[in-house]
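*Asks:* One structure, as structure tokens, below. Some questions next.
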Amino acid sequence: MPKEHVMVLMGGPSSEYTVSMASGRVVFQALTSLNEFDVDALIIHENGEWEKTRSIPNDAMHPSALVHVAPPRRSTLQGLDLLEDADVVFIALHGTFGEDGTIQAVLDALHIPYTGSGALASALAMNKHRSKELFQFHRLPTAHEFYIVPSKTESISRLIPQIETRLGYPLVVKPNEGGSSIGIHMADNREQLQQALEQHLAGNVPLLVEKKLLGRELTCAVLEDDDDTTMPLPVVEIIPRAGQFFDFTSKYADEGSDEICPADIDQKNSRRIQDLAVRAHHILGCRGFSRSDFILTPEGPIILEVNTIPGMTPNSLLPKAAKAAGLEFPQLMRRLVNRAMKTLE
């Protein structure tokens with residue numbers, strides 16, 4: 001009986017290219033080691049070219065290696081032809097194109113099953129403002145925010161007093177879309193807020209200004225079984241070493257943070273966070289798996305965002321939580337692929 005053909009899609013046109021390559025490489029190796037699937041890597045290179053291969057370049061991943069890619073349309077159209085013989089696609093693309101619902105919509109049109117959430121859930125989770133509106137509607141606790149759309153915005157000098165009145169300091173300024181904590185700035189005063197706003201608005205992208213929450217950084221992943229049963233994994237606490245929050249360096253640099261799994265918190269808060277992670281997963285319509293980030297304040301946990309394609313590098317949080325629950329990395333990869341193949345049944 002022929003093996004199912006799995007294509008691991010990695011790279012991509014986003015600032016998270018190197019993170020995606022690191023995730024894709026490890027996923028490819030794990031699936032190959034199982035000897036249960038016929039596995040290929042499908043790489044979207046920095047120049048926009050697509051390549052099907054079984055030899056993945058072992059480029060070092062480092063924050064300074066971040067790039068932004070805009071693949072030519074012709075290369076993308078030709079690359080999609082490489083997907084034709086895939087039985088299932090493992091999406092290891094982070095950020096734009098991979099995590100925003102774009103590739104999911106393409107694969108839906110081609111009737112090719114894939115790992116993770118569908119197009120709508122992916123787009124909603126990527127849009128922090130819209131997902132927070134849904135969380136608030138369903139009474140999930142969220143941070144207070146000020147949402148800014150550049151095309152509709154007032155001058156920075158008029159925005160700052162409004163933000164100060166509504167939120168006060170300290171503040172977090174971040175892009176409305178994107179991941180790996182890229183582009184996040186902390187502002188403890190007016191000068192820092194002005195600098196952050198000037199930098200973000202120059203890029204002409206929507207952004208969120210949120211009240212900085214004081215508390216412990218926690219995350220909780222969710223896995224679905226083949227029968228759609230949803231299981232929260234153990235809560236993980238993140239203690240950054242390199243900075244004041246879990247930024248790109250803390251996430252992906254060696255020894256960038258201490259990650260305690262299961263988190264050393266009381267049972268009540270642990271269960272509350274797991275419940276919120278499952279609820280957020282369902283509210284957005286996520287599928288297969290997700291990972292929700294929280295701050296545990298003295299008043300209780302606050303949900304920050306949901307990641308529909310969390311990292312799968314050796315330093316990543318979901319695999320660590322899965323291992324704590326008794327699921328080794330290759331078995332986790334098998335489970336995600338098998339769940340994906342159920343979507344077209």
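Each residue, glycine too, has its Cβ placed from N, Cα and C.
These came from TrEMBL, pasted as-is:
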type: ACT_SITE; residues: E16; note: active site
type: DOMAIN; residues: 132-338; note: domain 'ATP-grasp'
type: ACT_SITE; residues: S180; note: active site
type: BINDING; residues: D293, E305; note: Mg(2+) 1 binding site
type: BINDING; residues: E305, N307; note: Mg(2+) 2 binding site
type: ACT_SITE; residues: S316; note: active site
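Describe the structural context of these features.
*Replies:* Around E305 (Mg(2+) 1 binding site), taking its Cβ as the centre, 21 other Cβ atoms fall within 10 Å, counting all chains. For the recorded site, E305 (Mg(2+) 1 binding site), the DSSP three-state label reads strand.
When Cβ atoms from all protein chains are considered, those within 10 Å of N307 (Mg(2+) 2 binding site) total 23, not counting its own.
Around S316 (active site), the C-beta neighbours below 8 angstroms that are at least 6 residues distant in the chain are S23, P310. Secondary structure from DSSP puts S316 (active site) in coil.
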*Asks:* Within 10 Å of the Cβ of D293 (Mg(2+) 1 binding site), how many other Cβ atoms are there?
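*Replies:* So the number of other Cβ atoms within 10 Å of D293 (Mg(2+) 1 binding site) is 22.
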*Asks:* Can you tell me the CA-to-CA distance separating E305 (Mg(2+) 1 binding site) and E16 (active site), as a whole number of Å?
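*Replies:* Each residue's Cα considered, E305 (Mg(2+) 1 binding site) and E16 (active site) end up 17 Å apart.
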*Asks:* Along the domain 'ATP-grasp' (132-338), what average pLDDT does this model show?
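*Replies:* Taking every residue of the domain 'ATP-grasp' (132-338) together, the mean pLDDT is 89.
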*Asks:* Cα-Cα separation of N307 (Mg(2+) 2 binding site) and D293 (Mg(2+) 1 binding site), in Å?
*Replies:* 8
*Asks:* Measure the Cβ-based neighbour count of E16 (active site), defined as the other Cβ atoms within 10 Å of its Cβ.
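*Replies:* Result for E16 (active site): 29 other Cβ atoms within 10 Å.
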